[in-house]
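For reference, the structure discussed in these notes is given below.
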Amino acid sequence: MYSAIDDNENLSMVYFQDFVLEGFGGGLETQALLFTLFLALYMVTLLGNILMIIIITLDARLHSPMYFFLKNLSFVDLCYSSVIAPNALANFFSSSKVITFAGCATQFFFISLLATTECFFLGVMAYDRFMAICSPLRYPSTMCQSACTRLVLGAYCGGCFNSVVQTSFTFHLPFCSSNRINHFFCDVPPLLQIACGNTAINELLLFGICGLIIVGVMFVILISYGYITVTILRMRSGTGRHKIFSTCGSHMTVVTLFFGTAFVMYAQPGAIESMEQGKVVSVFYTLVIPMLNPLIYSLRNKDVKEAVQRLGQKHTAIRRMCCG
């Protein structure tokens, strides 16, 4: 990575070995408050997603395609926050706030990979609900174990493709005059701000690929829920309607939160210039949403709540056997 400096019309190259993550402004009290907030969000995120993975793994009644995808979503959320939060927490009280060029590129790669994969997972989960509700007779054969595995691998491959493209194009740019990133992690908009040369191709890739992914997945979700809504309206059973609304309502809440913030951050012109607003939005989709996802699915899902009760009863029975 280098900087181009023009001194009396003589072009010299200054090499930067590190970036500096500026993070949030403010004094020591502000930094301490933000540290506490980030730590609390991250701890709840870890606890919630790990518990969701354990519950789905241990309870045989949750070994279905829907919960298979939900377990993978929890794993992605867990990794996503872990790529960002520990480094951000360390930087709150660091005087240098330095991240190496390789470290920044690595963080950028995994953030892009996991965020894109989560986007695809939400589309896959909508398709799963469509098949389960609208074509229940075909559901077991269509969403068999091999098909579910292929869908998960496809989501990861799609995320990897976008990540490779974004990372390679971004970190092949020359960075000039400053190595200070106006953010608390390595993301596309702040990196493009400190790049020299023409970044039009990078912005086109950012808005084009991310916009295409968001619009494409949203199209799948809207079509799926359009058919689901028609099917629900035709149902005569109030109990069946309530169960479907409970499951689909949780998913739609997660979809709204995720795609709303993703659109604000990446899929609209002018997103690159609003860094201060971008930091706040970034906190929401990197820490708040991964924390809320397991809470939304557990609090609004009867099957998950019953699974938690069964695991609690088993734990109590085991303790009584050991103590007795």
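Each Cβ is built from the backbone N, Cα and C atoms, and glycine gets one as well.
Among the features that TrEMBL reports, domain 'G-protein coupled receptors family 1 profile' is placed at 48-297. Averaged across the domain 'G-protein coupled receptors family 1 profile' (48-297), pLDDT in this predicted model comes to 86.
Here TrEMBL flags 32-56 (among others) as transmembrane segment.
What TrEMBL lists as transmembrane segment is 68-88 (among others).
Sequence-remote contacts of a segment are chain residues at least 6 beyond its ends whose Cβ falls under 8 Å from one of its Cβ atoms, and for the transmembrane segment (108-127) they are 66, 69-70, 72-73, 76-77, 79-80, 83-84, 151-152, 154-156, 158-160, 162-164, 166-167, 170-171, 185-188, 191, 213-214, 216-217, 220-221, 224-225, 251, 254-255, 258-259, 262, 285-286. Look at TrEMBL and you will find 108-127 (among others) tagged as transmembrane segment.
Among the features that TrEMBL reports, transmembrane segment is placed at 147-165 (among others).
The transmembrane segment annotation in TrEMBL covers 204-228 (among others).
Under the heading transmembrane segment, TrEMBL lists 249-268 (among others).
Feature annotation from TrEMBL assigns transmembrane segment to 280-299 (among others). Below 8 angstroms of C-beta separation, residues 38, 41-42, 44-45, 48-49, 51-52, 70, 73-74, 77-78, 80-81, 84-85, 111, 115, 183-185, 187, 250, 253-254, 257-258, 261-262, 264-265, 305, 308 of the same chain, each at least six residues beyond the ends of the transmembrane segment (280-299), sit close to that stretch.
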